[in-house]
Amino acid sequence: MWEGLRLQVFWLCLGLAVWNTAVAVSRGPQERGHRRHLSPYRHRERRKEGQVLHRSKRGWVWNQFFVIEEYTGPDPVLVGRLHSDVDTGDGNIKYILSGEGAGTIFVIDDKTGNIHATKTLDREEQAEYTLTAQAVARDTNKPLEPPSEFIVKVQDINDNPPVFLQGPYYARVAEMSNVGTSVIQVTASDADDPTYGNSARLVYSILQGQPYFSVEPHTGIIRTALPNMDREAKQEYDVVIQAKDMGGHMGGLSGTAQVKITLTDVNDNPPKFAQGVYAMSIAEDRVPGEEVGRLKARDPDQGENGLVDYAVLEGDGMSVFEISKDSESQEAVIKLKKPVDFETKHSYTLKVEAVNPHVDSRFLSWGPYKDTTVVKISVEDADEPPVFIAPNYSFEVEENAPWGTLVGRVHAKDTDIANNPIRYLIPRYTDLEEFFTISPEEGTIKTTRPLDRETQAWHNISVSATEIGGHHQDAKVRVNIKVKDVNDNAPEFATQDEVLMCENVTPGKAIKTVSAVDKDEMSPRQHFHFSLAPKAVSNHNFSLKDNRDSTATIVVIRKGFSRMIQDVYALPIEINDNGVPPLSSTNTLLIRVCSCDSKDTILSCNVEPYILPAGLSTGALIAILACIVILLAIVVLFVALRRQKKEPLIVFEEEDIRENIITYDDEGGGEEDTEAFDIATLQNPDGINGFLPRKDIKPDLQFPLRPGLRPVANSVDVDEFIKTRISDADNDPTAPPYDSIQVYGYEGRGSVAGSLSSLESVTTDSDLDYDYLQSWGP
């Protein structure tokens, strides 16, 4: 397909290619390109001494073109030129271009093979394009050689500035850090090609933040540039870092980032009191625990570095006052520990120390991290209330003591210099019933009535003491008065329960152990004594045994008890308390006789069960109840049958029970037919005798016919017959409260009214005339 060329042609083509390259460079990027041969051809070279060397035909190495990005000229950029050795220039060959951007971005002149870029290219969007070129016959489109693939690379220019993708930046560094301490590293990125020129070679510099900070040009690490930067002087710094490409040279693009650097706190400041001496005061009437005053040592550090602890080092008030710290305000709080007295001591002095609990060892050489001050506390005079000699008083008085008995005496005094007299008073809310009275001047307490220990053993009252002539301040004291016991209550049973005893109890059996109580106080050696009352000593049923431990046992002395004879026994018992003076009482013990089984288990203690048959088991009771239910069912069934029999005998199931219809199957021949039907058969034979019986019930009374009424003879006068029956029915008290209807199926021929049956009616309601019915009456 390809023609071989001589060596001279090869060198000629090579010279032309070099010349085209030089021309393209001189013209500019729009004419840069190379002529490419699509097919290999054979070359022949001569070497020394006439030796001829042969090498195989091969294609020239071509596989890429270059085009500069962001070209904005008026003409399309010449990317390169394709040429086939078979192209003789007669126009019979057509060049075809396919692949990425073919026809849109890259176009080819099908005659000359020149490739142009029609659009501006951006390397950051796409760095290279892969295209395929082919030479075909123009008339047949037959490929003249195989397709050849080549690459068009977009040559980078510096068109993208550096960008800080993570800005703005925030960093922290400790105050007082050494010079060169690393703070943070910032990094910028450049979208240009880092392998071509210096478009992506970045250099960092600091625009704002000097002389406090510096930045490394190639790494972007920000470091401290000044020593002893103090957070308390300035805490935050705004630093601006610039990144510039082209190695930082003129003409390079740049980008900036904001970096906010905060100095963190270290404990480099000791606490300091604002004053060397603090003056405070407190009134002598203040109670322990009350606050005297506050003071604070200032520490400009933050967090735990600014914490301050306080302590009292020395002073005559160390035992009287105490110091603590308010954790929220970091203030020292001085409180009263013991009461102060103006008349005893007028002032106190305290030496207070403030110290940092957390000290940084790096700054120990800067001095002690503590400070001291002096607190002077003066005691102010106050009008104090009276003070009782004792904190509380306890007295005793016997119960039933007469009115005016002396209970005791309280005493209070005025501690002020004036020493005013005292007036005493019992507040009524502490002695509502006014059992006691007090002398206003002396403070002696007496009773107003006899006291009962069993009602109230202790009386807790208060006594108030008030200065006379002062500010009417008062003081109160608790007075506890105990009522001493006197034996004035007789003993009695501890419980009043009945004693249950079996009928078949054996003699000598103990059925109850009784005990007693006494409202009075009993000494440890005092016991109750039990005995039968004199009237019960001679009884033959029970005996009593005193156990000498304040209890007694009841014993049965006979057998044969019966509830039917006597179901309850009353046993009087006398109880003595052996007190001073001794008191006794007689208490009645009730003993109830009960029915028991063979194991002495109580079955019943009532008399009523003896009326019923004894010895019935549960099964027998169930059988009796079943019989009663069956009898009740029989009675109910019998009553229901009796009611059913009383229903009218002529009532049909399909009809209302209020109708009484009698049907006759024999149809007469009408009023003129006297042979086929006898009207006398419609009459009740008993009606001749003056009695018209009911067919549904049996009448209790019989009523004779009214005077003037005669039995209807064997007549054909139906109208008279009906009137007679209506009159009899209206005057019959035994008749039901509804009509008795008798139906006649056929009246016979010749009837004036015609047939009463609707079965033979062939006319409609409109053809009938019912006016004649009005003459029949209701």
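Glycine is treated like the rest: Cβ placed from N, Cα and C.
Features as listed in TrEMBL:
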type     : residues : note
SIGNAL   : 1-24     : signal peptide
DOMAIN   : 84-164   : domain 'Cadherin'
DOMAIN   : 165-273  : domain 'Cadherin'
DOMAIN   : 274-388  : domain 'Cadherin'
DOMAIN   : 389-493  : domain 'Cadherin'
DOMAIN   : 493-611  : domain 'Cadherin'
TRANSMEM : 610-641  : transmembrane segment
Helix, strand and coil counts within the domain 'Cadherin' (389-493) (DSSP): 3 helix, 47 strand, 55 coil
Within the domain 'Cadherin' (84-164), residues counted as helix, strand or coil by DSSP: 0 helix, 35 strand, 46 coil
Secondary structure content, the domain 'Cadherin' (274-388) (per DSSP, counts of residues): 10 helix, 54 strand, 51 coil
